[in-house]
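J.: One structure is given below, represented as structure tokens, and several questions about it will come after.
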Amino acid sequence: MSGWARALLLAAVLVVMACLVPAATASLHAEETLTSQFAEFKQKHGRVYESAAEEAFRLSVFRENLFLARLHAAANPHATFGVTPFSDLTREEFRSRYHNGAAHFAAAQERARVPVKVEVVGAPAAVDWRARGAVTAVKDQGQCGSCWAFSAIGNVECQWFLAGHPLTNLSEQMLVSCDKTDSGCSGGLMNNAFEWIVQENNGAVYTEDSYPYASGEGISPPCTTSGHTVGATITGHVELPQDEAQIAAWLAVNGPVAVAVDASSWMTYTGGVMTSCVSEQLDHGVLLVGYNDSAAVPYWIIKNSWTTQWGEEGYIRIAKGSNQCLVKEEASSAVVGGPGPTPEPTTTTTTSAPGPSPSYFVQMSCTDAACIVGCENVTLPTGQCLLTTSGVSAIVTCGAETLTEEVFLTSTHCSGPSVRSSVPLNKCNRLLRGSVEFFCGSSSSGRLADVDRQRRHQPYHSRHRRL
């Protein structure tokens with residue numbers, strides 16, 4: 001080989017080495033960063049593995065999940081993804097422990113739905129029930145597929161508070177251990193839970209203090225029926241329309257809503273608004289606590305049950321209006337029991353035309369299924385601005401066949417955005433426990449001459465929010 005050829009070969013080798021050294025250095029740096037992140041993860045979440053082989057496997061899973069986080073970040077420019085408490089779990093492990101309700105929710109999709117009627121007149125631009133003190137702290141379902149119980153109980157906690165009672169932490173363990181309609185740590189349905197509470201537990205929901213959660217390791221202890229304190233009662237539940245605008249309008253007036261979602265893309269979520277959520281099958285139960293339509297990207301606010309170390313202090317935001325994560329498919333809420341607070345006297349002016357004989361409406365609630373036994377009536381005027389116990393206002397009017405309630409979402413003087421709903425008159429409506437019937441009439445003496453079944457006057461309980 002000539003001298004110039006040897007020189008050229010040497011130069012080529014040097015060039016190749018010059019290229020390889022930075023690449024090797026970068027690779028080494030990336031590996032060191034990964035090792036450092038993994039060590040920080042283990043310390044933060046108390047991970048101790050049984051063997052060196054197990055630790056090596058978990059490190060490889062950790063690496064794969066960081067790559068998955070980058071993929072989700074690329075698809076969701078308004079959200080962030082990274083290391084979470086689940087970063088050393090395979091996707092199958094994560095699914096089986098934290099969002100394993102696919103079979104239950106698939107079965108629910110086959111049943112006939114009877115949603116409440118919600119008319120969207122003009123919901124407020126933003127609602128956050130956390131700011132109104134209606135939501136308990138984020139909880140931890142642990143390695144148990146009990147999301148359905150946390151969703152249902154979270155809803156009851158909020159509804160109980162908004163009916164005028166103290167905010168009370170209630171027991172998920174009661175459902176996980178005792179509700180045999182559902183499957184404990186293997187999944188369940190919020191609607192089943194509501195029905196079990198009413199039909200099998202006399203509507204009673206125990207306090208968390210008297211029946212604490214004990215299934216965090218994936219094992220459900222046997223049901224116990226004594227020694228527990230009743231913290232709330234429910235009388236039934238309602239299903240909401242599969243429409244995000246109507247769900248928002250209902251939530252704005254009535255409070256947080258239990259919903260099912262597809263949570264398969266949530267494992268690496270750390271913050272922001274998800275705009276490209278996997279939306280293939282329902283597999284997880286959560287709680288809608290608010291929304292914001294005035295944001296650059298309108299979003300839902302969702303309370304999860306994966307501790308405050310996940311997401312935004314235990315919450316996630318997803319884009320609103322495009323059925324992200326299938327959020328509109330299974331929405332429901334408990335109907336709470338108890339008397340609720342007595343409404344404050346209203347001094348607002350009537351919105352109806354003046355006249356000597358004001359109109360009234362009667363809500364007759366009975367303990368049987370035929371509106372005959374144990375009936376008690378509530379009588380209030382129609383056409384007047386009534387102050388509600390949730391701090392807003394409403395006007396009730398009577399039509400030929402229906403009673404219509406218009407709730408004003410941001411005003412105590414019956415002005416601004418409102419939501420309107422209707423119920424049939426003179427028809428007994430069967431509930432899960434008991435029944436209810438509405439009547440309308442008028443009398444100058446202040447009693448309804450055309451309703452002869454009135455027993456006594458009590459505060460009216462609105463279908464939207466108790467007045």
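For all residues, glycine too, the Cβ spot is worked out from N, Cα and C.
Bear in mind that the values here come from a model prediction, so they are computed numbers and not experimental data.
So Swiss-Prot has the following annotated:
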- 1-18: signal peptide (SIGNAL)
- Cys144-Cys185: disulfide bond (DISULFID)
- Cys147: active site (ACT_SITE)
- Asn169: N-linked glycosylation site (CARBOHYD)
- Cys178-Cys223: disulfide bond (DISULFID)
- Cys277-Cys325: disulfide bond (DISULFID)
- His284: active site (ACT_SITE)
- Asn292: N-linked glycosylation site (CARBOHYD)
- Asn304: active site (ACT_SITE)
- 333-355: region 'Disordered' (REGION)
- 345-354: compositional bias 'Low complexity' (COMPBIAS)
- Asn377: N-linked glycosylation site (CARBOHYD)
J.: Counting across all protein chains shown, how many other Cβ atoms sit within 10 Å of the Cβ of Cys144 (disulfide bond)?
T.: 27
J.: If I take the alpha carbons of Cys223 (disulfide bond) and Cys185 (disulfide bond), what is the distance between them in whole Å?
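T.: Cα-Cα distance, Cys223 (disulfide bond) to Cys185 (disulfide bond): 14 Å.
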J.: Using Cα coordinates, what distance in whole Å links Cys325 (disulfide bond) and Cys178 (disulfide bond)?
T.: 30
J.: Just to verify: the residue among Cys147, Cys185, Cys223, Cys277, Cys325 with the fewest other Cβ atoms within 10 Å, which of the recorded positions is it?
T.: Cys223
J.: What's the CA-CA gap between Asn292 (N-linked glycosylation site) and Cys147 (active site) in angstrom, rounded?
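T.: Approximately 25 Å lies between the Cα of Asn292 (N-linked glycosylation site) and that of Cys147 (active site).
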J.: Taking Asn169, Asn292, Asn377 as the glycosylation sites to compare, which has the smallest set of other Cβ atoms within 10 Å?
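T.: Checked Asn169, Asn292, Asn377; of these glycosylation sites, fewest Cβ neighbours within 10 Å: Asn169.
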J.: Any idea what DSSP makes of Asn377 (N-linked glycosylation site), helix, strand or coil?
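T.: Strand, per DSSP.
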J.: Measuring Cα to Cα, how far is His284 (active site) from Asn304 (active site) in Å?
T.: 9
J.: Where Asn304 (active site) and Cys147 (active site) are concerned, what is their Cα separation in Å, rounded?
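T.: Cα of Asn304 (active site) to Cα of Cys147 (active site) measures 8 Å after rounding.
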J.: Going by C-alpha positions, which of the recorded positions (Cys178, Cys185, Cys277, Asn377) is nearest Cys147 (active site)?
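T.: Spatially nearest to Cys147 (active site) by Cα position is Cys185.
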J.: Using Cα coordinates, what distance in whole Å links Cys277 (disulfide bond) and Cys178 (disulfide bond)?
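T.: Approximately 34 Å lies between the Cα of Cys277 (disulfide bond) and that of Cys178 (disulfide bond).
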J.: What same-chain residues, at least 6 away in sequence, bring their CB to under 8 Å of the CB of Cys178 (disulfide bond)?
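T.: Counting only residues 6 or more apart in sequence, the Cβ neighbours of Cys178 (disulfide bond) under 8 Å are Trp196, Glu200, Asn201, Cys223, Thr225.
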J.: Using Asn377 (N-linked glycosylation site) as the reference point, find which of the recorded positions Cys144, Asn169, Cys185 has the shortest Cα-to-Cα distance to it.
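T.: If we rank Cys144, Asn169, Cys185 by Cα distance to Asn377 (N-linked glycosylation site), first place goes to Asn169.
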J.: To the nearest whole angstrom, state the Cα distance for the pair Cys144 (disulfide bond) and Asn169 (N-linked glycosylation site).
T.: 19
